[in-house]
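**Student:** According to TrEMBL:
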type	residues	note
DOMAIN	8-140	domain 'EamA'
TRANSMEM	9-27	transmembrane segment
TRANSMEM	39-56	transmembrane segment
TRANSMEM	68-87	transmembrane segment
TRANSMEM	93-117	transmembrane segment
TRANSMEM	124-143	transmembrane segment
DOMAIN	154-286	domain 'EamA'
TRANSMEM	155-173	transmembrane segment
TRANSMEM	185-207	transmembrane segment
TRANSMEM	213-234	transmembrane segment
TRANSMEM	241-265	transmembrane segment
TRANSMEM	271-287	transmembrane segment
Amino acid sequence: MKNTESKKAMIFIGLGVLLLGTGPMFVKYVHANGVLVGFYRLFFAAIMLSIPVLIIKPKEEKPLQAGGGLKWAVLGGLVFATNISLWCSALNFTTASAVTLLDNTAPVWVGLIGWLFLKERQPWQYWLGLLVTISGAGIMIGWDILYSSGQQSTGNLIGIASGLSYALYILITQKARRYMSSLRYSWLVTLSGSAGLVIAAGIMGLFPEPLPFNSLFMIFLMALTSQVIAWVLVNHALGKLPAAAASVALVGQPVVTTLLGIVILKEIPSPLQLVGALVCLIGIFTVQKSQDNSVTSPTA
């Protein structure tokens, strides 16, 4: 029975990672301001998630309190909105594979933040993974600085900022999930995140020139596939799989995006960029393996 459940979980996480890997393709097609794309993505996701939230009410779910889970969910939504905006913005400057890989360095920064500010002790495997990840990212970014356009370097730096913001989101999520189910939390995150981004987009004056219908439809598909369905599949699988198996699967997201980027976007990485990406992946996997009790969900 357990073997069957594990196989199903591997299928679920595989499909989830595949759908997550398609996300950058949609953003590349739309090619609009990252804040605006992020708003519509979270707005559509909030509408989709509101239906199951209203229908499914777990017995153990407690009423929300402003001083408890609600404040953490709202804070998580605002930080996640920042992450999505940075992620979408980075994709306007550099390759889908680079952005996805740098965004997936979040577990590395989670450990570093925990050590610096929360006095958490990290095993030696974590520090090895941190060193390897930084080395891989350095190879990728160094290549772009020397041989590529300034735009790509800008995109890579935004990608690192995206990874840092996602690390903060993970830490907030660990706190918020003590108060509510994954479904309710995801809904509140998308709701508060879209509210924050609509204000930001309004201040930036992004609404007078609305996106064409084709772009809105692509963002809707992205919200449905890589935001809602993918996260449901992955979150379900994470509860069934051993942490080590989940770590291997989650590292597959940048690989999927890289392959799709080559086929769909014709973004062919150089040999040195591939080496840097591989080193970075090994570092991320090493960090995740050192944190076996706290495997995190994949990023945007």
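Each Cβ is built from the backbone N, Cα and C atoms, and glycine gets one as well.
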**Student:** Most CB pairs under 8 Å with the transmembrane segment (271-287): which of 93-117, 155-173, 185-207, 213-234?
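**Tutor:** Per the Cβ under 8 Å count, 93-117.
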**Student:** Report yes or no: does the transmembrane segment (93-117) come within contact of the transmembrane segment (185-207), defined as 3 or more CB pairs under 8 Å with a sequence separation of 6 or more?
**Tutor:** no
**Student:** Establish whether the number of Cβ pairs under 8 Å between the transmembrane segment (155-173) and the transmembrane segment (68-87) reaches at least three, counting only pairs separated by 6 or more residues.
**Tutor:** yes
**Student:** Any chance you could find the range in 39-56, 124-143, 185-207, 213-234 with the most Cβ pairs under 8 Å to the transmembrane segment (68-87)?
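**Tutor:** By Cβ pairs under 8 Å, 185-207 leads among 39-56, 124-143, 185-207, 213-234.
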**Student:** Across the domain 'EamA' (8-140), what does the mean pLDDT come to, as a whole number?
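**Tutor:** In the predicted model, the domain 'EamA' (8-140) has a mean pLDDT of 90.
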**Student:** Rank 39-56, 124-143, 213-234 by Cβ pairs under 8 Å to the transmembrane segment (185-207) and hand me the top one.
**Tutor:** 39-56
**Student:** Using Cβ atoms and a strict cutoff of less than 8 Å, what residues sit near the transmembrane segment (39-56) while being 6 or more residues removed from its termini?
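**Tutor:** Same-chain residues near the transmembrane segment (39-56) but 6 or more away: 80-81, 84, 88, 183-184, 186-187, 190-191, 193-194, 197-198, 200-201, 211, 216, 219-220, 222-224, 227-228.
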